[in-house]
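S.K.: This is the structure, below, for whatever I ask next.
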Amino acid sequence: MNILTKLTLQNLKLNKKRTIVTIIGIILSGAMICGVATIAASSQDLMIQSAIKTDGNYHAVLNSVKYEDSKYIRNNPSTAKDMLSKEIGFSIFEKSNINNKPYIHISAYDSNTFKNMPVKLKEGRWPKKYNEIVITEDILTSGGSAYNIGKKVKFEVGNRLNGGNLISRNTPFIETEELDIFSLEEYIITGIIHKPRMEYGLSPAYTAITYLDEALLNKEDTIDVFVLLKKPKNIYDIIPKMAENVGDVSYKYNNELLKWMRISKNENANNMFNKLALIMFFLVVVGSVTVIYNAFAISVSERKKQFGMLSSVGATRNQISKMIFYEGALLGGIGIPIGILSGIVGIGITIKVVNSLIIDSMFNEDVALRLIISPYTILTTVLFMSITILLSVYIPAKKASKISPVEAIRLNTDIKIKGKNLKTSKLTRFLYGIEGELALKNLKRNHRRYRATVFSLFISIVLFVSFSSFMRYGLMTSNMYYGAIDFDLAVSMKNIPLEKQLELYNKTAGISGVDRYSIVRRINTSTKLQHSQLSPYVQKGLEKDDMYKMNEDGSYNNGIYIVAVGKEEFKRYIDKNQLEPSTFMNTNSFHGVLVNKNNIGGRIEYEPMNIEAGDTLYLKDSLGESSQISTDIKMEIGAVADNLPLGVPYTDFMMASIVVSEEVFEELRQLISEEGLKLADKPNMIIQTNNSDGITEALKQLDPNISENSLSIVDISEMKDAMLRITTVIAIFLYGFVTLITLIGVTNIFNTISTNVALRRREFAMLKSVGLTPKGFNKMINYESIFYGLKALLYGMPVGVAISVWIYNSFGYIFEFTFVLPWREMLICTIGVFIIIFITMMHSSAKLKKENIIDALREENL
């Protein structure tokens, strides 16, 4: 160990605070890079798990493949695993208590399919023979003891036909359809399964699955072949060729799984993910480089006098550079491993908390966040941090080695005083006093430190505003895509008089466990709107689509749903939008709330109309040839809202909903045609509850005179919970991401300012020696803080907004929604910057106030 190496170590020991600050900067940067990459990998793994649970563990399925031809797919070099299934058919389920779900659908799976499809065994075992079968718990509940495990069951199996045409499995029940029986099957029940997701709310059949015995298949029998590929990135080339070689059969990709594996044929989706990844990487890199560079730049800058003294006794430029590089390597060797470990441990703790609070206790799913530690992440972090430290050391080292010993000792190059540059206006003295003028002159005098501090603040502001925008748009798009379902049960009745239906619905509202409900009724109407009354989005859509023709008078036909939601939900809706209820109860002049917001496919959110409160629409019954009145219905828009009542869905293009009170709806019923009345008198009850099963059973017991075929109950609570799980996890990570960036920014500001203040001990002592009072010193520090904050905000906010626009445009590849700046976060950022600066400046200068002036003037920066 040579003398310069010993001197470097000695200097690090003597300057403990500065050394610790630098190591903390490296640790934070390493933790941020490694943590962000680990979060991304773990989140991707969670979404892949979720996709497998809900849609199955396969990349693609080839449908109706002849058994003989399936060998080509199964033995294909590109196939990693194959799964076989066969559709047996439908059987009438006499015990069904849902009138639009009268069947049991029977499929056959081989052993691999049972393992990889989204079916979960509740009790018993999977079928192992062709004459064994598992059924859903709903079949057991409705069918009773005849469907217990071990019982023999017979099914008359057939195909669904409507007008002689075959109906597919997922087509909702059609009242005019019939079942064409072609076989009688007998099975032994071996197990009970949970209702699979593929048995969605409007599915016409319950699920039953038997075992697919290949020995019983003929060459011409058709089966579905699910495949997992060895190289899924090539799936869009491999699957079409496979399909072509086995008779040009149809095929379908598991798009949900492929999407989260980042293998999507949707170029817009790829562009969105790539752009967002690029932006996040750019911001993380800039934040990391800034933290490390500031730490080394301040450290090297304040040791120029030491370097000058070394040069004066014979140290060469190369030796001085080696000292600085050795210091960087030493601090990096300590900080980088700790940073990587901290990032991994921090994310690991976060994942454990998320699993315990969200995944396990709330959803009880077989899906959990797992800590994914990629060797590529660790290697990339080490390489990036090493290069960052190298560059952060190289620039100050190069500058330090070029300064002559005399200049370095005198520190002539740090502060170059020119009168015209230090001159301040008389207005500054008038507004801020001598302390404010002195603060401004200090900043101008040492412009390098000033710029370093402002730049540090600038980066922190940009990071916070940018990541806040990313969080806001991420939450908006996840709610658009996953959050459309806000209820658990949908209840409807048929062949029951309207008065009786409403009576039963009101009784249902009183059942324990019903948290919120609405009774939804609808009247279909239409209105004529001028081009100017359509929103810009609709106007643009009309230019692209000639489906919607202009009327002779220059207007366009626009569908309007008149919707009533029951007295209680309507009151809640009126209160939520802060409206006057009496306006909407008046039956002499009809007033309604226009819902001026639509959502298309969970991706596009827009306003359908350019209509304001106070405007009047003239509505015509759109279901009847003629209305019972000769004039149109006059509807005044009492208010315009961008939210929906419970149970009211978004409408289609060129349509909107107007929500009215029960009183107004009853008056409107008297004015519509018989065809319109048929729809208006078919109310649905929408229920929010945490006890779907209990409410369902209670509903069935409400009136013994109501047959099961007259009552339809659709339970979508499982689907709702799955969507809620996804949006909750996304929200947690987005908020966590912003919190991490905030901590990085605060630490960056604190380190920069506290180090800056500590290194100005002699300067402050000098000012106090010429008469600056403690009160004047505090005022000077406060003014410096204000100048720092204003300058940083002046540059940081516009750049943050520009990056917000960049992020918004990236989301625009998939989603369409109104551009919104994170005003609340920007306000928080502005206030937070000043608070952090003031606290840091006062904290850092508190010790200096107590120091002896002579001692401070004598002491060097150590």
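Placement of Cβ uses the backbone N, Cα and C atoms for every residue, glycine included.
If you look up TrEMBL, you'll see 20-41, 276-296, 329-351, 371-395, 450-471, 732-759, 785-808, 820-841 marked as transmembrane segment. Per TrEMBL, domain 'ABC3 transporter permease C-terminal' is recorded for 279-405, 737-853.
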S.K.: Note the mean pLDDT of the domain 'ABC3 transporter permease C-terminal' (279-405), expressed as a whole number.
M.R.: 78
S.K.: How about the transmembrane segment (450-471) with the transmembrane segment (820-841) - do they touch, taking at least 3 C-beta pairs under 8 Å (6 or more apart in sequence) as contact?
M.R.: yes
S.K.: Which bits of the chain, at least 6 residues beyond where the transmembrane segment (371-395) starts or stops, bring a Cβ under 8 A of a Cβ in it?
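M.R.: Distant contacts of the transmembrane segment (371-395): 26, 29-30, 33-34, 37-38, 41-42, 44-45, 285, 288-289, 292-293, 295-297, 300, 324-325, 327-329, 331-332, 335-336, 339-340, 343-344, 347-348, 351.
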S.K.: What is the three-state DSSP composition of the domain 'ABC3 transporter permease C-terminal' (279-405), stated as helix, strand and coil residue counts?
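M.R.: Result for the domain 'ABC3 transporter permease C-terminal' (279-405), in helix, strand, coil order: 108 helix, 0 strand, 19 coil.
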S.K.: Checking distant contacts: for the transmembrane segment (785-808), what same-chain residues at least six beyond its ends satisfy Cβ-Cβ under 8 A?
M.R.: 276, 279, 283, 439-440, 443, 450, 453-454, 457-462, 464-466, 469-470, 473, 753, 819, 821-822, 826, 830, 833-834, 837-838, 841
S.K.: With DSSP helix as H/G/I and strand as E/B, how many residues of the domain 'ABC3 transporter permease C-terminal' (737-853) fall in helix, strand and coil?
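M.R.: In the domain 'ABC3 transporter permease C-terminal' (737-853), the DSSP-based counts are 98 helix, 1 strand, 18 coil.
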S.K.: Quickly jot the same-chain residues contacting the transmembrane segment (20-41) by Cβ under 8 Å, restricted to those at least six beyond its ends, or write none.
M.R.: 280, 284-285, 287-289, 291-292, 294-296, 299, 331-332, 334-336, 338-340, 342-344, 346-347, 350, 371-374, 377-378, 380-381, 384-385, 388-389, 733, 736-737, 740-741, 744, 747-748, 751, 754-755
